[in-house]
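Below you'll find the structure, written out as structure tokens, and then a few comments.
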Amino acid sequence: MGVKFNHLCYGGDYNPDQWLEYPEILEEDIRLMKKAHVNTVSLGIFAWAKLEPEEGVYDFDWMEEIINRLYENGIYVFLATPSGARPHWLADRYPEVLRVNEMRQKNIFGQRHNHCYTSPIYRQKVRQINMKLAERFGDHPGVLMWHISNEYGGECHCPLCQSAFRGWLKKKYNNDIKEVNRKWNTAFWSHDYQNFDQIESPTPLGETSIHGLVLDWKRFVSDQTIDFCKAEIQALRDAGNHKPVTTNLMYNFSTINYHEMAKVLDVVSWDNYPQWHKGPERLVAMDNGMQHDIMRTLKKEPFILMESCPGPTNWQSVSKLKRPGMLETASLQAVAHGSDSVMYFQIRKGRGGFEKFHGALIDHYGKEDERTYQECKEVGADLEQIDELKHANVKADVAVIYDWENRWAVEEAQGPRNKGMFYKETVEKHYYAFRKLGLNVDLPDMTQDLDGYKIVVAPMLYMFRAGFEEKVRKFVENGGTFIMTYWSGVVDENDLCVLGGTPGGLMDVMGLRSTEIDALYDGETNVVKAVVGDVSYQCERFCQLVDVKTAEPLFVYGEDFYAGTPAMTVNEFGKGKAYYICADAEQKFFDNVYEEIVTKAGVERPLKQPVPEGIEVCTRQSKDAEYVFIQNFNKVSTVFKPELDGAEVLFGEVTGEMKPFSTIILKR
């Protein structure tokens, strides 16, 4: 791990700036935090108005007192830069910092993240306060790391951003407007540009039909946000501080390419708010686990769970209480997937404003004889018990590709289904099948190396990014098992359709050519049938038709005019195998087929015995030991006794039956 803390970090967002008039509460906060085993807090995230109440007038004394008192009590700080919510005076004096939406309407002061990442004056004001904070607190022994801003996101369409976008395009296309026209295929609908000044960001008021433009705008927004983050970090470095930096990423957030964002951070952190109890917990756990694994794969190192909720949130459609045991299980799930922390939003509930009812360690009641506080206290004790596994990494033999830019392209493609492409859900089907076998799974994008994996899956890779085909070819030639699905290799990075057949550049590896794709209506289904044996599965949404060259059919369609044609194939290529799945089959298909492929590929499972549905298995590996997490996400007790084979029980009890929302950790 690039950043290693002395302990598993436990705590959360702390907002003493909201309680400065209540010194007795600030004193009680520290007592209650210590009793709950809190050792780390994120501080100052939304405190700009208290840190700089007037332009150029700074008041850091209150923060210094807080940091000192926390440190004296064994509580360390992730110190935030406050750009996530700017003060009123800044917007009043410099209205250029306010965002303009895609309808070209300028916002007024309010909410948060209502600022333009391009604005020179906003960047200047952020730089100034960041440097002041670094000069004052950067060397404080209680400050472990910098928490850069908060949940970066959104886009601005102001004149400054339009100009910056044109500059970004000029750099990318060597100041050649003809090259832009070629790459975007602007001859469509006679939309050729004569000069860069004619280019505007996508808007319902104007252009959205040129998909190359839409893709490049999304890339620009991502790059501009990352550049703003880099500028924030540079301010700290220019002030002479070199402590680690992070920023908190978000669940299923597609606006920023997190693979690129991770490159400027020392450690990845993210905010995790699953909707437990909305559906079967085993399914919520799978979805949540995939998000943990996406974040871990960004650097392939342990990450920081920066925010989670100890009770109900207040911003989701329903503020559901966590059932007894759920907080512990959800917290340990993060650790199982590679987190070296459990952090909450928030330490103390605010008294007013949008998040006054958001769950917290300390309720408005303010005492410790409260259920959520007691459960948080138990989680803190748990983390101290398993502290030895900090820094242990997660190693995976299986990768399922999840690519931000491909997702953008899929969602903008205009076909074969304009509602219900379900890219994320498609990736989840494949991920779930491997996770049900207890296998760790990485989720790289197309730019990351494939070396070291035994199985690589590429679901719905509509857009092949530069160099990807060569990586796949090498991987399969050298003995890897590669699995690709329908609607892959259709376009290049500019969303220009591949000529000469698809999947572009990999037809020989796959041993086939895609010819047509049948999009099914909602509720319409087909069937895929095994060539050998009496096995069949239902499929929906997509049925790709293929012309087989050297590939061997394993499944065929059972219905419609293409009944009897291949629905899944395998092709021997070099020392490896390439599978092509033509249909969007039901989950059981992937569960059963992938179990067989895993066995053939020689991938070992952490537990040799069958694992009941709803029990999740993960492993973390240190220099000296492997830690096996076994978690029951069922609402009822489940009969299961893991075979120890000499392993030590580090956490939990092995009795032959796992209680609802319980965890066992083996060390071997």
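Cβ coordinates are placed from backbone N, Cα and C, and glycine is handled just like the others.
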Same substrate site per TrEMBL - residue from ASN73, ASN150, ASN272, ASN288 joining ARG112, TRP315: ASN150
Residue from GLU151, CYS156, CYS158, CYS161, GLU307 whose C-alpha is spatially nearest that of ARG112 (substrate binding site), among the recorded positions: GLU151
CB within-chain contacts under 8 A for CYS158 (Zn(2+) binding site), separation at least 6: GLU96, ARG99, VAL100, LYS106, CYS116, THR118, SER119
Average pLDDT across the domain 'Glycoside hydrolase family 42 N-terminal' (13-386), rounded to a whole number: 97
Same chain, 6+ residues apart, C-beta under 8 Å of the C-beta of CYS161 (Zn(2+) binding site), given in sequence order: VAL100, CYS116, TYR117, THR118, GLU155, SER201, GLN224
Environment of CYS116, CYS156, CYS158, CYS161, the listed Zn(2+) site - residues of the same chain whose CB lies within 8 A of the CB centroid: ARG99, VAL100, TYR117, THR118, SER119, GLU155, HIS157, PRO159, LEU160
Spatial neighbours of CYS156 (Zn(2+) binding site) among the recorded positions ASN150, GLU307, TRP315 [C-alpha, 10 Å]: none
Collapsed DSSP category at CYS156 (Zn(2+) binding site): coil
Local Cβ density at ASN150 (substrate binding site) - other Cβ atoms counted within 10 Å: 23
Where ASN150 (substrate binding site) sits in the secondary structure, as DSSP reduces it to three classes: coil
